[in-house]
2 protein chains.
Amino acid sequence: MKPVKVGLLGLGTVGGGTATVLSRNAEEIARRAGRGIVIDFAAALDTSHAAQLGLSGVRLSNNAMDVVEDPDIEIVVELIGGYNLAKDLVLQAINNGKHVVTANKALIALHGNEIFAAAQKQGVIVAFEAAVAGGIPVIKAVREGLAANRIEWLAGIINGTSNFILTEMRDKGRSFADVLAEAQVLGYAEANPTFDVEGIDAAHKLTILSSIAFGVPLQFNETYVEGISKITPEDVSYAADLGYRIKLLGIARRTEQGIEQRVHPTLIPRKQLIASVDGVMNCVMVQGDAVGSTLYYGRGAGAEPTGSAVVADIIDVVRAMTSDPNNRVPHLAFQASTLADTPILPITEVETAFYLRMRAVDKPGVLADVTRILGDRSISIEAFLQKEPAKAGSEVDIIMLTQRVRQGNMDEAIAAIEQLDSICGAVTRLRVETLN
Amino acid sequence: MKPVKVGLLGLGTVGGGTATVLSRNAEEIARRAGRGIVIDFAAALDTSHAAQLGLSGVRLSNNAMDVVEDPDIEIVVELIGGYNLAKDLVLQAINNGKHVVTANKALIALHGNEIFAAAQKQGVIVAFEAAVAGGIPVIKAVREGLAANRIEWLAGIINGTSNFILTEMRDKGRSFADVLAEAQVLGYAEANPTFDVEGIDAAHKLTILSSIAFGVPLQFNETYVEGISKITPEDVSYAADLGYRIKLLGIARRTEQGIEQRVHPTLIPRKQLIASVDGVMNCVMVQGDAVGSTLYYGRGAGAEPTGSAVVADIIDVVRAMTSDPNNRVPHLAFQASTLADTPILPITEVETAFYLRMRAVDKPGVLADVTRILGDRSISIEAFLQKEPAKAGSEVDIIMLTQRVRQGNMDEAIAAIEQLDSICGAVTRLRVETLN
């Protein structure tokens, strides 16, 4: 059988990794796929390093649209990133009847509904395993491996940069700003780290996971996002004293009222396997009604780990391209016509346990005031810790773990606590999940 | 589209779990698969509990061959277990042009080559996700999700009974026999526990994993098997003192000399995520050249976790049954015509680090004798521990961790050590893997 001709858009980190993997493992890949897979045409603003990537003899262009419009190309691999140009290229490729593989989480999270509708109309596949958790085949696990289950919830460490920062903060007692600066030097964090540390990148990925878990359209704008930039070394240390670790989690959960879709720093029990996932590694837990708890772990970024997922998608497309378009794995796991309009819950309606930290004047009655405010709103305290500040003075840190409560209630309670004369400054509030 | 008609062979634990999942999640499954999946005919020696399993109105028989011969049945699900009858039924189903889903690891490990050849000839699919690690979609991860990789090695906790016993031994300092008896009462271990505790069940699964990782035929008879029945509480405790945990691992590794395929108790560093996989849970690590280290965790047995994998396979078959038979995922991950004849290494040729425990008369010169014997065979000592026995006396336990050495060398050294007058009884020898 003739090799499949792939067009590659982008020769940056992931584009380079994809080219390297396809060329180094060409023989093994052909033994699996039953035919060769070759990059026939590649486009990038700078193509001067193409030969280093094993792309000697491959047609090159500085205009990605040349690849998309090329009649010989059967699969377009979009590794440019960003929304606008990437979207135009992907839609045009679909329009030209080509299958698409992409690692672009922002594109899928924001424009996936439109892209998948166009692909279905044309009978082509848009594959996006690399968009979530890099090399971990978690899209495949949720869409296919757990297809027998009613998924109850999933929770993931899906941003390596944030996890690296939180790990360093815990291991070395360092501050967020200090570790971030080092991560930028090491290349683990971008010059503009907002997407990573403020949870936006994780929210893109979580939006995709939530859709394929629950069979709802992609709704990035409904995803609650809170980053790690306000986490202090004290919070990390107090959490440890209470038996918890702080991780930036993406959480999607099905409740009777609707779907929770949220990214925020979360205290999780140290004994949970996922609590030991450190550094830049990613990990996703998926809870199904039949299978129970499952977990997937690996590298969530990097040239070859992401290339691994891109190439696996290409192989899947090669296998499915001769099949009946109506009998393929649906883009969002459920047949497009059966996607549900289950509402995404506003964060104020979400119920979780909470970690509260407040600084109080060390005088009688403060604790009574705080517990009364919580008790009035039926918020029970699960654990309590009072710490002297590092330097001598008249203020103490009070730390509490509460039982589960609707966030709206908690917000009211915190506002009331902050009104107390004996409480200094704002109350720090983090969510707690047992993941059981 | 009309529902797909499935024939179910066996209504035991897994058969029951499969029927329950298919019936409870029928709507969600149809939303994914694009058509309904119904059990149309079920066979078991005892069918009296069929109604409880949601099988009211389903045709029932006490003769499994009735289902296999039924012209309406498109997919035969074999959940009887064992080799002989199961083999006849599966081959006959294939012969009748039916697709097959099975959870039978023994059948696949021993007769898979013959079964897959027959299936290829008939253009039908034999799916077996449930045969390895129950509900964890690890076959799918290795065959499809990591298809871009040259797999370097994999290592798994793939027998829940053994892992439960080792976990209890570690947590409570209990003996193997004691915990086994309890596990039998709890239903975690069979009345005849040999398959589980002597590593045979794990070896069936490892044989399958090795084939799909490296593209070689199934070779159960070449798999080295050593169980956990000789592990003592002392070994568990000494391993902990050295920073290790003892797990029954199935390990498959590609080396320049050939493929290692082995199941044995193994010391692994406590810091490895897989070292924290406790109780009846399963976990498989897979190392690919592009993706690096990945890990898959979940329930390896039980009615619904295994049913989850069986039903996922049924859905996969439903999707693939209309596709070109030559363009499907190959049974053993690689096209049948490209399977390699890479030799499986005899265990004496396998190189690992070792844990040695010996009881010695407490007199000068013993250690010098032992280290000389090791040194003569170029075996370096990595760590050393000397422990007084619990009761006073003139004998001491000597524990050593060695560097990596060919097992043949180690066997010779141990034989020589056991000849020493100052060494009492046999030397205990366990393998050590860092899994890096």
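Any Cβ shown, glycine's included, is placed from N, Cα and C.
TrEMBL entries are annotated by machine, without manual review.
As given in TrEMBL:
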type: ACT_SITE; residues: A:Lys205; note: active site, proton donor
type: BINDING; residues: A:Leu9, A:Gly10, A:Leu11, A:Gly12, A:Thr13, A:Val14, A:Gly15, A:Gly16; note: NADP(+) binding site
type: BINDING; residues: A:Lys105; note: NADPH binding site
type: BINDING; residues: A:Glu190; note: L-homoserine binding site
type: DOMAIN; residues: A:355-435; note: domain 'ACT'
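Known features from TrEMBL, placed on the structure.
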{"residue": "A:Leu9", "record": "NADP(+) binding site", "Cβ neighbours (10 Å)": "28"}
{"residue": "A:Gly10", "record": "NADP(+) binding site", "Cβ neighbours (10 Å)": "23"}
{"residue": "A:Gly12", "record": "NADP(+) binding site", "Cβ neighbours (10 Å)": "14"}
{"residue": "A:Thr13", "record": "NADP(+) binding site", "Cβ neighbours (10 Å)": "18"}
{"residue": "A:Val14", "record": "NADP(+) binding site", "Cβ neighbours (10 Å)": "27"}
{"residue": "A:Gly15", "record": "NADP(+) binding site", "Cβ neighbours (10 Å)": "28"}
{"residue": "A:Gly16", "record": "NADP(+) binding site", "Cβ neighbours (10 Å)": "23"}
{"residue": "A:Lys105", "record": "NADPH binding site", "Cβ neighbours (10 Å)": "26"}
{"residue": "A:Glu190", "record": "L-homoserine binding site", "Cβ neighbours (10 Å)": "14"}
{"residue": "A:Lys205", "record": "active site, proton donor", "Cβ neighbours (10 Å)": "28"}
Fill in the blank from the handout: For NADP(+), residues beyond A:Leu9, A:Gly10, A:Leu11, A:Gly12, A:Thr13, A:Val14, A:Gly15, A:Gly16 with C-beta within 8 angstroms of the site's Cβ centre include exactly A:Leu8, A:Gly17, A:Thr18, A:Ala19, A:Ala44, A:Leu79, A:Ile80
Handout entry: For the domain 'ACT' (A:355-435), the number of residues DSSP places in helix, strand and coil
Key = 24 helix, 34 strand, 23 coil
Problem - A:Gly12 (NADP(+) binding site) - helix vs strand vs coil (DSSP) - result: coil
Problem - Cβ packing number for A:Leu11 (NADP(+) binding site), 10 Å threshold - result: 25
Practice task
Report, in whole Å, the straight Cα-to-Cα distance of A:Lys105 (NADPH binding site) from A:Gly16 (NADP(+) binding site).
Solution key: 18
Practice task
For the domain 'ACT' (A:355-435), would you mind checking the mean pLDDT of the predicted model?
Solution key: 92
Exercise for the section: Sort the recorded positions A:Lys105, A:Glu190, A:Lys205 by C-alpha distance from A:Thr13 (NADP(+) binding site) and give me just the closest. Expected result: A:Glu190
Fill in the blank from the handout: DSSP, reduced to three states, assigns the residue listed as 'L-homoserine binding site' to coil
Exercise for the section: Going by DSSP, give the three-state secondary structure for A:Lys105 (NADPH binding site). Expected result: helix
Completion exercise
Cα-Cα, A:Gly12 (NADP(+) binding site) versus A:Glu190 (L-homoserine binding site), nearest Å, comes out at 14
